[in-house]
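Worksheet for the structure shown next.
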């Protein structure tokens with residue numbers, strides 16, 4: 001009998017407490033960047049019953065009405081009812097943002113390369129905002145070059161939100177989670193969905209039978225291709241039996257606690273740094289986007305079935321301390337050729353990444369739910385496939 005393997009990933013909806021925090025942090029970032037594209041921002045958010053706390057460091061010339069940004073974000077997510085224990089116009093909003101540390105700012109504003117040589121190359125000017133390692137990944141098992149388990153998980157909770165907001169399933173509330181287990185064959189190809197778990201917040205009047213029927217028929221079967229579902233696929237719908245209390249009333253939420261949901265669902269490695277609330281001088285965010293951009297173009301070029309790119313930085317230094325490409329034995333050319341092509345074609349200094357991907361724009365709130373990578377519903381620059389031909393030419397040279 002051929003060997004079959006299972007892999008599981010999860011996602012959470014925009015109404016999950018941690019995702020509320022991420023969206024508030026990125027909404028604040030976007031509001032600041034809209035007025036001051038050169039701002040440095042590190043905005044953290046904590047949410048719990050009836051309260052939102054904003055804290056962190058900002059250097060900017062912009063004035064932003066944080067109170068209004070927070071309330072508008074909460075309202076757009078769908079927390080507009082005091083019964084939920086967390087409502088846009090009644091929550092307490094407590095901002096506590098201070099100026100960025102001058103010790104950090106001096107390394108970001110003037111990199112070690114510039115301080116050491118006096119060189120005025122504009123792309124050498126910005127040093128990395130912190131040390132760290134970042135990963136980007138791509139695989140050919142979905143059209144968006146993402147692992148199937150996390151791709152399906154995102155689409156399930158996004159479908160729940162769409163049905164809630166349209167009123168088609170009127171008893172749904174904003175908080176929800178999904179989890180998908182995919183079975184792979186001996187060649188690491190996905191062959192079926194083994195298990196789907198969905199927990200969705202609901203009004204108290206909704207029955208378990210009604211929720212189960214609607215979620216299976218209107219969500220799961222609408223999202224997951226029929227060829228992946230069979231009579232042995234298991235569905236666990238609200239397995240606790242009741243999910244009325246949810247959102248920040250049920251659990252506190254904090255920016256940066258869903259980093260695996262934000263990326264590849266655990267299918268690829270992660271450097272540990274979160275994204276939301278950070279401007280692009282923070283390589284936790286910008287270098288992760290650059291690494292995804294590189295990996296996706298490598299796979300789309302047919303140079304590997306899957307690719308993982310690692311970048312690493314030292315604080316205050318512009319150039320990465322390391323660049324690695326791992327194709328897990330699937331490459332059609334030597335990995336050293338891929339690494340050489342990456343170094344030649346992609347400027348991986350922070351200022352180079354910012355310029356390459358145009359990251360000073362207010363584009364981040366839309367990434368803060370349903371994944372930062374592999375999105376087909378929004379236009380994100382790190383998802384472009386404009387380096388495919390250049391990569392092919394570089395490895396053939």
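The backbone N, Cα and C atoms fix where each Cβ goes, glycine too.
Range 100-110 is the one annotated as region 'Flexible loop', of 89-99, 100-110, 111-121 (source: Swiss-Prot).
Proximity to residue 251 (ATP binding site), judged by a C-alpha distance within 10 Å, picks out 18 from the binding-site residues 18, 44, 57, 282. Within the same chain, the residues at least 6 positions away from residue 282 (L-methionine binding site) whose Cβ sits under 8 Å from its Cβ are 42, 129, 130, 273, listed in sequence order. In this entry, ATP is bound by 16, 175, 176, 177, 242, 243, 251, 257, 258, 274, 278, whose most widely separated C-alpha atoms sit 36 angstrom apart. Secondary structure at residue 278 (ATP binding site), taken from DSSP and collapsed to helix, strand or coil, is strand.
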